[in-house]
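Down below is the structure, laid out as structure tokens.
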Amino acid sequence: AESLRMRRKKRAVRDTWDPFQLNPAGAEKEQKRRCFQLAQHLVAVLVGLAVLTTAVVAKGSLLVLSTLSSPMSRRTPKDKQFYMLMMMFCLVFPNVLVFLKSLWRCSFKSFVPPKMKIMAFICLIEVLVSLGTSVLVLVVMPQFDVLTNLFISGGVCIVSAIMQIIFRLQRDNWKIVFPICSLILTSIGYCMLGIDYYVRVTSYVDRQGSDCYIYVALGIFSSLLVSLCWWENSLQATNRMQDTLSQLDGFRDFVFVISSILRILVIGAVYLIYHKLIAKTIIWDNFILRDGELLKTGLVLFFLQAFCSAACHWFGVVACKIHSVRMSFALPLCCTGPAMLLLGIVLFFTLGWKLDNGTKAESIIGEFFLFLYSFFLEFCDKLLYLNSKNTSAVLLELTRSMCRTSLNSHYFQWPFAMLALEGVCMWSGLVTCTYYVWKIKVQRIERTSQLFVRRLYESAFIDLSLLLNTKMKVPKAKTQERSCVIYLCATMWHETYDEMLKILTSMFRLDRYRGDPKEDHKDCFDFECHILMDDAFMTDDDTNKRLVNSYVNDLIHVVIEVYRVFTNKEPDDVSIIETPYGGRLMFVLPEGNMLYVHLKDKLLIRNKKRWSQIMYMYYLLGWKGYIVKNPSKIPQLNNFSRASLVSLDSETFVLPQYDNDNKRKFISDDNTYILALDGDTDFHPKAVILLVDRLRMYDNVGAACGRIHPTGMGPMVWYQKFEYAVGHWLQKTAEHVFGSVLCSPGCFSLFRGSALMDDHVLKRYSTTAQRAQEYVQYDQGEDRWLCTLLLQQGWRVEYNAASDAYTNSPQEFEEFYNQRRRWGPSTLANTLDLLHSGPETVKRNESISGIYVFYQMFTVGSSILGPASVTLMIASAFQFVFRLTGTLSIVVACVPPVFYILICFLTKSNTQITIAGIMSVLYAFLMTASFFSIIGDMVIQQTFLTPTGLFLISMAIMYLITALLHPEEFFLIIYGLMYFICIPSGYLLLTIYSLVNMNNVSWGTRETNKGGVEQKKLHNLLCDKTCRCCCWDMKIQVMDEWINELCCFTGNPGNRASDISAARGSDYTAHPSQSNHPKRNTSTPSLNAGASHQTTRQERRSQGRDCKTSNWVHPVKEEFLKKLTYFNMKRNLQEQIRYALRNKDYDEVCEDLVLMLTDTLNVELNSVGPEDVLSDYQLEELQLALNRQARQTLKTNRMEKLEKRVKLAIEKTLAAPQVQKLEENENDFWNKLIERYLKPISHSKEHQEEVNRELKSLRNKVEPLTLMFLLSFAILLIHHFTLTFIFFLTGCTF
């Protein structure tokens, strides 16, 4: 509603008949949706409840097992032995998980060989911890009651508290109180434990013997051993042993493999030594279980403990990563102990309803309440005579265990306070020891290893384990560093107006998000936008001049339109620069960031995307990196000229185009990033920030890509929506987890500058293709080849699923096939290249292992078998629908692929695609029939256990579960049906088309060039008439250049203006002031020659208007001169004043200035039309009048100090676009770069014929792949015959 009111207010005042403008999607400011915020809080609450519930269940299950296996339990020896075995399995289970995960990481990731001293030290610690855990759980806890077992585990924090005190890990000195209190409270808790058992022995509570002192001592000692588990946390926080710890990180996975095995062996040894050799409670025959109830109870308790402890660990990690550490992590874990105690009290009450020996529930409940008044003894005496016939054995044993405490003393009631005080001290000691958890600040992207010290969790003490395992000092996020610069580089190739609108809107959104580069921001980075437009020029057939084509005109209109949408004014600072590669347009975005548009002339520099990427990489990483790191080499940049400075309130600032280069001096190549974009990419700032965080936080990441969403309409787009979704959900995620992503798409990927500048990357990437294989690998899929080079040099490529970007996808069948014709062979060539260099890549790249290389080999093999699988599916459809035999159906199914192979060899590309389209439609009908045939086959056989049935159901379940894991994209599952019926076209026909046409290395998409046709409508067209004579149509055009040449030929140039005026009629009006104004000096002064900022407007305009330029400059400049029309100037002036005085203290004077200056503008330009461009003389007079009025208004408001700001705003309003020349050094750089790497390729006819022969030869070499397809057909055929024969012999149907 507010946005609607603002638009109505803006339309209320109309200064022209055409005030309307576009409002591209996403131009409005992003605001957090309330429903989204509510969902965030709801998820945090649910995760917190999940953490609390799983922790309580895991802890409670272990307490129940220890109670059932206790020697004081009423269970049989066989039951106790089985429950003790389940307890041992509970301790072993997390070690098995860690072993499997570490073994997987060692298999799929590279690791440094371990150093024996460090490994021996780690293994010794792990053995001690495992010894303490197994003794405490398997030996001590069965001897204690359930309340003591609940409280004693809190003592495992004592070593952590001692190390915090010794190393003074607190940032504030007063916070040392927390670990001191923790140590004191834990020590008091241990003392209370000893006193409590002394009273029990002396009071003969439950016939307690003096041997309990041994178990008390063992309990305290084993707790100390367990507390060694988190020794690394304190050392990491104090920066001690950093060399050892950093070395440990390199082979931590291997250490965990060994240590987990040692821990399992220690647990088994403690179990056998104590229960077999000491207690002698193990009878091997008792492991043969025939009691189903016992087996069920024990396995349920084991499953609950093992599963819930693992789930609690997982939910705890999730809670930290969703930035809900306090509410969803620290609070639930700290409340686990009290929640368990409360649950025990509730169970104690519940037993009143479970007693069955003729006792009424009401009387038992009454007796329990009387227990609070000293009648607890009678209640416990009755429990001695209860049986478990109608009472839960678990509940009965837990209640009896509670009666073993000092509450059951016949002499004293007060000793129970010792047990209660023990629980309070232990719990308080844990909370004070882990106080730092409440202050942890988690960054946007945080790996588990950055949050927790150990990958292993202690299932017996899951709540304490998670709290103590949380790092005391989380490494400072690199995202807070200011030294970061991002170059947004978009390559354009014949984009439409709407596609250009997307990329420009995205750049302006980032400019608005980042704000003023001089101001602080929560995401600290600087950025520049670069757009490289291929094929931007055309040669006019009539005048033979190089002019910009209609694509450039569209881009200029888009920039102006988007600038109006975001700022309600025209572009402020526009510069037109001639360059050796064509031209450059330079804009200052609303918030001061820079936008450069590089116009490439294919006659001067190589076109196409790869060469554009090489162009901006060498420019941004090579040239700019050189000049800022070596300022002494270029004196001009060491001392900025006055032309590069602007004064504001007696402060001097460097202009944005020089400021960014100045900042680059202090930015390393590791913190220089290039965001590769396509000309139709649409993204939001948060998507860029997520990719930046990846590269900032992990130094080995050379590139990162996001989730690409195809946009458009039509069946082909529907197919691609699901194809992209499946590819990102499954394939890219699998590559990211198992090793490294192989392809970071060029439409939206972030590259690290130092990675691109590494040896054998950019230098190799700039290689010109000479051989046939190089044409396929280098130019058909440049983004995949660049990633292959990065991987071979040891860099990692990552995928971030939360970084969303949208790009246009082919909507026509022909365009789609041509695109995939490029991608398919390039993907195969780069994958084979990576597999060929597999051993060397495994040595260099720690993210790629031999198993991952084998996984890629399996993927390639699966793609080769894909056509055979599709053919077999089609054969199954023929068999069911047309009742054909198995052999005949396969033969019929093989006929269309063979037919299409012949078509591809014998006909042209367009014919191949046409026939593929017809066959795709027929196959779609057949796949629909196949879908129903599979369902029908399952119905007839009354089972889904058929090969096709299992395949269909498994695929449906897999895609459904995957879609459920991506709720925001769940609706894409709808397009799965379109994807299914297009499988033959996408996996059979397209594969054949790609391989057979491998010799075609043309781009295949966006090949049309409307610029060469439509650009004939030149800006200086004087007359354009179409005449019809009989059956002939004649087109008459009169050009401005022709009139000029005619005047020069006749020697009468003075009549040119009047002739042009007569020719243009009402479209051209010469202002009277122009004829009286003296002619400007047409010399071209240097912009960096030390000119003062206080130069007059005439001199500045002479630099921008009268310098000798190329033919294309004038038409481009005329577009930007429309800024100086009355309508645009009025709007610009108002917005410039508001922007210059945007401080809240200046609101009143700002509105006065806007009102008074607008009135002055209306008076001065009363006789000027709303769309007339003002002359230089009018602009000068207008500037004097506006300055005079501004000075008077400021004086009235006593705000004379703002005069310079207002004058600068007025000058910006009246500034014309400037035409500049490149600096000599940069011009020399471009000439050398073009000569060395980017010189237009002009091969001879013989060379082209040779390349064509090599490409065809390469295609013929790849034909063995086609033979492999046929071989796979034969294999599947033999497999089918074998199954048919087996079913025939067994009498079954197939």
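In case you wondered, yes, glycine gets a Cβ from its N, Cα and C as well.
Range with TrEMBL annotation transmembrane segment, chosen from 369-391, 484-506, 852-874, is 852-874.
For the transmembrane segment (213-233), the list of distant contacts is 125, 128-129, 131-133, 135-136, 139-140, 143-144, 152-153, 155-160, 163, 190, 193-194, 197, 201, 245, 453-454, 458, 461, 465, 468-472: same-chain residues at least six beyond its ends, Cβ to Cβ under 8 Å. If you count C-beta pairs under 8 angstroms between the transmembrane segment (294-317) and each of 42-62, 254-274, 852-874, 915-936, 972-996, the highest count goes to 42-62.
Touching of the transmembrane segment (82-100) and the transmembrane segment (414-438) is ruled out by the presence of fewer than three CB pairs under 8 A, sequence neighbours closer than 6 excluded. Among the listed stretches 42-62, 121-144, 176-198, 254-274, 852-874, the one sharing the most Cβ pairs under 8 Å with the transmembrane segment (915-936) is 852-874. Within the same chain, the transmembrane segment (254-274) stays apart from the transmembrane segment (42-62): fewer than three Cβ pairs sit under 8 Å, each pair at least 6 residues apart.
Non-local neighbours of the transmembrane segment (42-62) in the same chain are 87, 90, 137, 150, 301-302, 304-305, 308-309, 311-312, 315-316, 318-319, 322, 324, 327-329, 331-333, 335-336, 339-340, 343, 459-460, 462-463; each lies 6+ residues outside the stretch with a CB under 8 Å from one of its CB atoms. Outside the transmembrane segment (176-198) by six or more residues, the chain places 148, 151-152, 154-155, 157-158, 160-162, 164-165, 168, 170, 208, 212-213, 216, 219-220, 406, 415, 418-419, 421-423, 425-426, 428-430, 432-433, 435 with a CB less than 8 A from a CB of the stretch. Outside the transmembrane segment (121-144) by six or more residues, the chain places 62, 66, 69-71, 84, 87-88, 90-91, 152-153, 212, 215, 218-219, 221-226, 228-229, 231, 248, 255, 258-259, 262-263, 266-267, 270-271, 274-275, 458, 460 with a CB less than 8 A from a CB of the stretch.
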